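Chemist: Grabbed the feature section from TrEMBL, which reads as follows:
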BINDING   GLY133, GLN134, THR135, GLY136, SER137, GLY138, LYS139, THR140  ATP binding site
COILED    12-39  coiled coil
DOMAIN    39-351  domain 'Kinesin motor'
REGION    57-80  region 'Disordered'
Amino acid sequence: LRELEAAQRTLLAEHEERIHLLEMERRRLHNDIQELKGNIRVFCRVRPLLPEERERQRGLPHLHFPPQDPRSLVLTRPDDSQVGRERRAELRYDFSFDRVFPPGASQQEIFQEIQLLVQSALDGYPVCIFAYGQTGSGKTFTMEGPEPAGPPERRGMIPRAVRHLFLGARDLAGKGWQYRFSASFLEIYNEALRDLLLAKGDRGSELEIRRLAPGSDELHVPNLTWVPVESEEQVLELLVRAGSQRSVARTGLNERSSRSHSVFQLRIQGEHAARDLRCASSLTLVDLAGSERLEKSGSVGNRLRETQSINSSLSSLGLVISALCNKEPHIPYRNSKLTFLLQNCLGGHAK
């Protein structure tokens with residue numbers, strides 16, 4: 001029996017070693033695939049018409065989605081001659097993205113496209129996903145859903161991503177990995193950071209972005225609230241708490257326009273005690289404030305300052321993404337609080 005037990009122990013150790021090597025190979029191959037797809041990707045989602053818009057226009061005749069190419073979007077408009085006597089063919093503009101989602105696309109279809117990126121966060125790579133677009137274009141709906149605790153099929157990217165990570169962590173527990181998760185939620189309003197997880201009425205201390213240590217490139221926000229989370233339901237509660245404190249206002253373009261960038265961060269720490277292995281990463285999901293033209297939004301006073309701050313920080317983000325794409329030696333992260341805060345999530349091996 002002792003000989004049999006020793007043989008079984010040896011066999012078990014061999015199997016555990018093989019499982020570990022296969023898991024490390026899976027992580028390497030998964031990352032190779034993601035880098036081949038591109039560390040920076042742009043998806044386009046076209047939202048359906050709202051009821052009041054359907055009354056003004058019939059469908060979306062100016063938008064065309066080539067059925068054979070899910071990466072293309074064609075925009076057309078009539079080209080009236082200057083003289084007014086002749087009518088020429090309509091003007092056509094072709095756009096190409098990493099993926100285009102027509103108005104009928106579900107939340108699940110959107111998530112399937114980013115699901116593998118979310119897996120990279122569990123494997124130890126920083127991942128950052130933005131919802132970018134004009135005010136009223138459906139960014140908050142895509143990120144959070146119509147209401148955080150609403151029907152599961154309508155939930156947004158944040159609850160879906162968190163659920164995927166918790167399920168993945170459970171699977172990896174069988175391979176010796178143990179994970180801890182903690183979440184924060186802040187907004188950047190007029191270039192100032194506000195903690196959205198404070199209790200109502202609690203002003204909290206002023207938040208600043210600091211280096212983790214002298215000479216370190218790692219950044220953090222001292223005094224920011226971090227909440228340990230272990231389930232999707234806990235994250236949904238945080239979404240409700242944060243949503244009730246976010247800065248919104250009515251403008252000429254949107255009944256309830258987000259006037260700040262909201263940044264949800266999930267800190268992920270993994271440990272394999274038997275092999276003394278550790279990994280740390282973050283998943284950042286950003287619902288950017290909507291860009292808008294001043295003459296259309298009719299913004300004055302505080303609304304005007306908000307709009308100028310929003311448009312300026314979105315321009316800074318565009319410059320950073322462009323510099324990263326072109327592999328420029330200097331990346332202008334410090335041009336705005338948004339890009340400075342996300343510096344660790346955008347450069348290097350980040351997705």
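A Cβ is built for glycine as well, from the same backbone N, Cα and C atoms used for every other residue.
Remember, TrEMBL labels are computer predictions, not curated facts.
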Chemist: Quick check on the region 'Disordered' (57-80): DSSP residue counts for helix, strand, coil, in that order please.
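Modeler: With helix first, then strand, then coil, the region 'Disordered' (57-80) has 0 helix, 11 strand, 13 coil.
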Chemist: Could you tally the C-beta atoms, other than its own, that fall within 10 angstroms of the C-beta of GLY136 (ATP binding site)?
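Modeler: Result for GLY136 (ATP binding site): 17 other Cβ atoms within 10 Å.
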Chemist: I need to check the long-range neighbours of the region 'Disordered' (57-80): which residues 6 or more away from its ends have a CB within less than 8 Å of a CB in the stretch?
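Modeler: Contacts with the region 'Disordered' (57-80): 44, 46, 49, 87-100, 102-103.
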Chemist: Over the domain 'Kinesin motor' (39-351), what is the model's average pLDDT?
Modeler: 85
Chemist: Starting from the Cβ of GLY133 (ATP binding site), draw a 10 Å sphere and report how many other Cβ atoms land inside it.
Modeler: 16
Chemist: Give the number of CB atoms, excluding that of SER137 (ATP binding site) itself, located within 10 Å of its CB.
Modeler: 17
